[in-house]
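Written out below as structure tokens is the structure these notes cover.
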Amino acid sequence: MSTASPSGLSREDGELGGSRRSGATTAAVPDAMDTSQDEPLGGRGGGSDAASIATLIDALRAEDVAQRLNAVQRLPLIAQAIGEERTRTELLPFVTESIDDEDEVLLALAGQLDAAFLPYVGGHAHMTVLLEPLEHLAQVEETVVRERAVESLVSLVRACSVGDALIASSFYPLVKRLAEGDWFTSRISATGLFAATYQRLPAAQADVKAELSALFVTLAKDDTPMVRRAAASHLGEFAQALEPSNVSGMLLRLFAELADDDQDSVRLLVVENGPSVAGLMAAPADKEALFNVLRKLAADKSWRVRYLVSDRLVSMAPPDMLPLFTCLLRDGEAEVRTAAAFQIAEVARRVGAERTTRELLPEVRELVHDANQHVRTAVASSMMPLAPIIGRAETTSSLLPMVLTLLKDDAPDVRLAVISHLDPVAEVIGLERLAKDLLPAIVELAEDRNWRVRLATIEHMVLLAKQLGRPYFDVDKQLGTLCIAWLSDSVYAVREAAIANLRQLVQLFGSRWAADQAIPPVLDMYGQSSSYLYRMTALHAVGALATVTDASTVESLLLPVLLDRACRDPVANVRLVAAKMCVQVAPRVSSKAREQRLRPALVSLSSAGGDEHDVDVVHHADQALASIFGERVGSGTANASGGETAAASRTSS
């Protein structure tokens, strides 16, 4: 039985939610139907709107999690309906006492109570009513809920201007309470609020700023590793908010202390934030102190830390980058060498041609013969941009032998990485110097047992064609033969890529090359293949080639196989593809050819012809006629026995 309080509140047996929160004292939720204190809902859509709001309010205390989740996600709608005052005095106290709910409901609630919710509580002046529920949410056990609550709190801080009275009166005490909380979850959440709060404090409140900085340092030295990890993750963000004097003093000392932490997860986050901190260091002495820490991290006992140093080294740009980098290239862990190898080109750009030739190339030469395949793949990917840096002479004498070695590597991924990144070398010395060794490597990749390697090889053919030129891609040459052979691959994705590759080659070499080299093998493939799948592939190739060749070539070479043979193929799937390809071919031929050749062939397959018994073929032929000629043909009933459904009503396959 419900009892209503004088303010129009509804309670079930004295408690909201009944058995869902048994034993808990809860705030009153607004009575779903009491909207007399605000704008009548009827004016916004009548009784149906009022009923909808009533349903949502009731759902806030429902037993079913999905209903509560839906209600929380529509909290702004409820707040708008009941008005700003009742949202502040009734709705928010109720949801604050619902913090023991399911995590997914709490996550949705934390997301709702951000700066976008301010208009529903009366604007900036009443912002503080949102802080209490968010403070509770920032202390729950579930990580994603805490993180979302912190995001909402940060959005509220950023809604304030610098020097806003709320920063010192409300947000600073909140951060302090969280930072001094007994449970580690609150201290973790506090670390995410320091930067935004500090930025909004005016210079006149130096004592408050100093206390905030001291609190952050305390959290960075917390006994709980998770708290130290959270502080380390926000180190760069907090550094951006600090004054330069504090960065070079307090923060630099803190950076060094966290770099000595006994938890490698904390040291990892120090490296992660290193570029942000390094960018704020202006004095040479400060930079040197920071880079001393970096050198220590580069020799860290944890390979994960060294790995991250390898990845972030260039962005921090220490003055002695090259010696540090070469040490990482020689690291005992393959993962560290791989991460460093990916940075070879970037480091070379920073140190210049002379030091690259003298100090870096010998290290790269060693990695070319590394025992780990992933290291060699990384080297193959990143060493090619060295060519324009070191010049033609050094590329020919030093880099080219390494490229040729990698082209003969046992691992297909290494050879593929070389082929994928050959552009810089080709621009400096030309691919003709590589052709002798390049072609055998490509042939091996083209025949690799892994279809993904074959697919990746096809995707680089056009790049090679631009560099090597047309003679290498004639069908009596190795590369031309490969491009045709891929059309008969056992994997559909490879055949599809081969068609796209052939089309791009025709775009590059022209219609004459298509007529002489590309189209005849495709026509032979259709005529000689006993498999309908390969005949369908040939037809797809016909459709693709028709879009990039001239009308005379299409009419003389492609239309005969499409209309005279494919439209009469004994396999219905082939006839269906032929009908589809007619749509692609039609724009490329003359109106005379469309009327005298395409129309009769399609009519014979359509419902108007009466000779075709496959409903799907009839359907696609009717669609083709409608697309090309704007005609709607046939009654839609197939001629097949058994009263089959009309092809026109069937979904296109």
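Glycine is treated like the rest: Cβ placed from N, Cα and C.
TrEMBL labels come from automatic prediction, so no person has curated them.
Annotated region 'Disordered' per TrEMBL: 1-48, in sequence order. What TrEMBL lists as repeat 'HEAT' is 212-250, 321-359, 360-398, 399-437, 438-474, 558-597.
Residues of the same chain lying 6 or more positions beyond the ends of the repeat 'HEAT' (399-437) and with a Cβ under 8 Å from any Cβ of it are 361, 364-365, 368-369, 373, 376-377, 379-388, 390-392, 444-445, 448, 450, 453, 456-457, 460, 463-464, 467-468, 472. Confidence in the repeat 'HEAT' (399-437), given as mean pLDDT, stands at 83.
Through the fold, the repeat 'HEAT' (558-597) approaches residues 519, 523, 526-527, 532, 535-536, 538-540, 542-547, 549, 551, 604-605, 612, 614, 616-617, 620-621, 623-624, 627-629, 653 of its own chain, all at least 6 residues removed from its boundaries and within a Cβ separation under 8 Å.
Remote same-chain partners of the repeat 'HEAT' (360-398), defined as residues 6 or more beyond its termini with a Cβ less than 8 Å from a stretch Cβ, comprise 322, 325-326, 329-330, 334, 337-339, 341-345, 347-349, 351-353, 405-406, 409, 411, 413-415, 417-418, 420-425, 427-429, 433.
Under DSSP, the residues of the repeat 'HEAT' (360-398) split into helix, strand and coil as follows: 32 helix, 0 strand, 7 coil.
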